[in-house]
Amino acid sequence: MAPTPPPLDPALERLVRTMPKAELHIHIEGSLEPELIFVLAQRNGVSLPYPSVEALRAAYAFTDLQSFLDIYYAGAGVLVTEQDFFDMAWAYLERARADGITRAEIFFDPQTHTERGVPFSTVIGGLARACDEARGALGVNAALILCFLRHLSEEAALATLEQALPYRDRFIGVGLDSSEVGHPPEKFARVFAKARDLGLRRVAHAGEEGPPAYIRSALDVLHAERIDHGVQSLKDPALVARLKAERIPLTVCPLSNVKLCVFEDLSRHNLRELLDAGLVAMINSDDPAYFGGYLNRNFVETFAALGLDAGHAYRLARNGFEASFATPEEKAADIAALDRHFDACGFAAPE
Ligand SMILES: Nc1ncnc2[nH]cnc12
Ligand SMILES: [Zn+2]
């Protein structure tokens, strides 16, 4: 166990908590809190294998990615109606606003639901309605990214993309998630090529537990524009040089990496090394209901554990906005707001 780090300087903590941020790596099903799981189970007559919220939460002791995914897919089984999907997304978006998030690019896993007989239209209907309403009601500019489950076949992913076509204007891109090792990006070459032809943006989980070679093939074969996680990249200096030269963003998730035993504790996380290597890294929450915290908790705990400062805060927030798929005008407005925030807090925004 690492010794408890000293608390953050209060002015730095305030700056970090209140600065405008983008969140680019959040699985909406991973924002489903145990309390809401129980409410939805009751609403839909679904029986749960846990007697209470506390018992469910106590089961969140993971040893690796797969041990988490098993419980995460089971939790998503309580989502049945369009209103359920809306309620889940709305709860996240309210927390996003509280954490200063002005841009959220939200992953969803349609196959987790369509495999159980929930229509694709029900899933995307509820999620898209929440995103639409969040802009006016919460000031959060939110967009959806459809993820394919890599433990399933490419044929299943192609069928999912086909099902999604009537809703093409309700999501901005595609991603790749679920069990990484043994399911290399190459398995999904055709479906990503099709998504590219359709003008969809592309991201992929790679180098969370899997080797640097998966990051290379996510770039070369899937034409991924961002890498989700990517923390294994430091094992391969030539890959680091390429990520730097091509300014490929890495959506890093510190609390997730500790919960899934990628790093022993936060003080051993490699975020500082990634930034020092000149990579476009940023902080995200991944599955906040399961990993012990939303975006601000990821920021505050990581800053305390790694001794990061206001310069790092600016770089991380700015990387998030630059890596987002928002329009150039939206990005410029977000970055201008970030600069004003640093000014107002008495920290000069670094060049
Ligand atoms: N951390 C993660 N890695 C891969 N797939 C996921 N699905 C939800 N969270 C995930
Ligand atoms: Zn993820």
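Glycine residues also receive a Cβ, built from the backbone N, Cα and C atoms like all the rest.
Just so you know, TrEMBL annotations are computer predictions that nobody has curated.
Straight from TrEMBL, the features:
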| type | residues | note |
| --- | --- | --- |
| DOMAIN | 20-333 | domain 'Adenosine deaminase' |
| BINDING | His25, His27, His205, Asp286 | Zn(2+) binding site |
| ACT_SITE | Glu208 | active site, proton donor |
| SITE | His229 | site 'Important for catalytic activity' |
Including all protein chains shown, what's the count of other C-beta atoms within 10 A of the C-beta of His229 (site 'Important for catalytic activity')?
26
Starting from the Cβ of His25 (Zn(2+) binding site), draw a 10 Å sphere and report how many other Cβ atoms land inside it.
31
Looking at the recorded positions Glu208, Asp286, which sits with the largest number of other Cβ atoms within 10 Å of its Cβ?
Asp286
For the recorded positions His25, His27, His229, which sit with their CB under 6 angstroms from an atom of ligand 1?
His27
I need the CA-to-CA distance for His229 (site 'Important for catalytic activity') versus the residue listed as 'active site, proton donor', whole Å please.
5
Any idea what the Cα distance is from Glu208 (active site, proton donor) over to His27 (Zn(2+) binding site), rounded to a whole Å?
15
Let's check the environment of His205 (Zn(2+) binding site): how many other CB atoms sit within 10 Å of its CB?
31
His25 (Zn(2+) binding site) - helix vs strand vs coil (DSSP):
strand
Indicate whether the residue listed as 'active site, proton donor' is helix, strand or coil by DSSP.
coil
May I ask which residues of the same chain, at least 6 positions away in sequence, place their Cβ under 8 angstroms from the Cβ of His27 (Zn(2+) binding site)?
Phe107, Phe108, Asp109, Cys147, Asp177, Asp286, Asp287
Which are the residues of the chain, His25, His27, His205, Asp286 excluded, whose CB is within 8 A of where the CB atoms of the Zn(2+) site average out, their centroid?
Ile26, Gly30, Phe107, Asp177, Asp228, His229, Thr251, Cys253, Ser256, Asn284, Asp287
Could you tell me the mean pLDDT the prediction assigns to the domain 'Adenosine deaminase' (20-333)?
98
